[in-house]
Amino acid sequence: MRIGHGYDVHRLVEGRRLILGGVEVPFDKGLLGHSDADVLTHAVMDALLGACALGDIGHLFPDSDPAYAGADSLRLLDEVVSRLRQRGYRVGNVDATVLAQAPKLAPYLEQMRRNLAWRLQVPMDAVSVKATTEEGLGFTGTGDGIAAHAVCLVKNLL
């Protein structure tokens, strides 16, 4: 078994959709990035890649490549899971936390879990997604951005 940790952050800006865990969350701002800027899914991908020593999403899906402009991060997650399976690994579980002062994410957490579980090819009880604020502290607390941490357990199939 292997353990991985992932982290991602993006700036909140006007004129973008807010996508977290593949869910479009109604809000007056969205996350700025080359792809859909889904910080939750990005953190999960980095955790998985890290667990298997396969680098990170910046290396695998560089923002200098126009092929990934506006990319759906859940589709990128499919590619990460495929790479893990090719190397004899499968996802055991994922535990993730989104740090955002606003909007309130509680109504959307179950759908985020469903989306991630489906793409990770694991049951829903193997995926935890939580949300918290930072009590007005730091860039997430001031509403300048949203961050996510993810930890995963990856099992060797061989």
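Placed from the backbone N, Cα and C atoms, the Cβ positions cover glycine too.
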Cross-ref TrEMBL: divalent metal cation site D8, H10; candidate in list H34, H42 matching that site is H42
Specify the count of other C-beta atoms within 10 Å of the C-beta of H34 (4-CDP-2-C-methyl-D-erythritol 2-phosphate binding site).
-> 16
At the level of the C-alpha atoms, what whole-angstrom distance separates D8 (divalent metal cation binding site) and D65 (4-CDP-2-C-methyl-D-erythritol 2-phosphate binding site)?
-> 19
Could you check which of the binding-site residues (I57, P62, D65) sits closest to T133 (site 'Transition state stabilizer'), going Cα to Cα?
-> I57
Of D8, D65, E134, which of the binding-site residues has the most Cβ neighbours inside 10 Å?
-> D8
